[in-house]
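All remarks here apply to the structure that follows.
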Amino acid sequence: MTNAVTVKNITFQEGETLICVPLIGKTLDEILGNAHGLVDAGADIIEWRVDHFAQVREMAQVMAALAEIRGALKALPLLFTFRSKKEGGETELSDEAYFALNREAARSGLVDVIDIELFNDEAQIRALVDDAHAAGVKVIMSNHDFHKTPAQEDIIYRLRRMQDLGADLPKIAVMPQSPQDVLTLLAATLTMKEKYATRPLITMSMGKSGGVSRVTGRLFGSAMTFGTVGQASAPGQIAIAKLREVMDILS
């Protein structure tokens, strides 16, 4: 049995799968226009993909935008994510800028969760996790492989490593090259949940063929999935209304 993780008015826990919807836009006007459309869409949590924001390298502009987004989303929990280019993001930042951006967001009082990518300097990861927790912010630690699905043992190793580094919610997303790859991800999730997990997990197989992994989290052990209202942020994401319908049928 894993420990539940509560963020504002939602709880990540075994046997439940929450729906996260990405908020994407290059300009603040575009972002706010999209944000208003998400409030009534039925998402449990919103992820601002700040790597899509044209002014992401200007800290003051990011924080100003964040304040506007926080107001627009009302009570909805907010996940702050800068996705690096090597893991499927839109923009690249230096390591120094990446950690500074996330630290500022965590300390702002405007976000509820930040995303930290696993494949970074360990000392900087640990320091950022500590800063986030000191500010009352939860941490998703993530890894994304847009080219392949690693071996089951490797997926489990990465998720366990995230736990060891202090992640509240370990996350991995992988790309299948065959139906067997989808089964590999699901088997890794189930094994991790049953043998090693001390907290909720977030896992998915991407692309169209990986879609089954996005709707079976309650069965295999993924506590959050990603749906869309408009533009998707990763291949294989499903429109939120269809996603919830299928999840309800399967449950």
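Cβ coordinates are placed from backbone N, Cα and C, and glycine is handled just like the others.
Here is what Swiss-Prot records for this protein:
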BINDING   Glu47, Trp48, Arg49, Arg83, Arg214, Ser233, Gln237  3-dehydroquinate binding site
ACT_SITE  His144  active site, proton donor/acceptor
ACT_SITE  Lys171  active site, schiff-base intermediate with substrate
Might you list, by sequence position, any residue in that chain lying six or more from Gln237 (3-dehydroquinate binding site) with a Cβ less than 8 Å away from its Cβ?
Pro22, Arg214, Phe226, Gly227, Thr228
In whole Å, how far is the residue listed as 'active site, schiff-base intermediate with substrate' from Arg49 (3-dehydroquinate binding site) when you measure between their Cα atoms?
16
Spatially closest candidate among Glu47, Trp48, Arg83, His144, the listed recorded positions, to Lys171 (active site, schiff-base intermediate with substrate) (Cα to Cα):
His144
Three-state secondary structure of Trp48 (3-dehydroquinate binding site) from DSSP?
strand
What's the CA-CA gap between Trp48 (3-dehydroquinate binding site) and the residue listed as 'active site, proton donor/acceptor' in angstrom, rounded?
17
C-beta crowding around His144 (active site, proton donor/acceptor), within 10 angstroms:
22
Under DSSP, is the residue listed as 'active site, proton donor/acceptor' helix, strand or coil?
strand
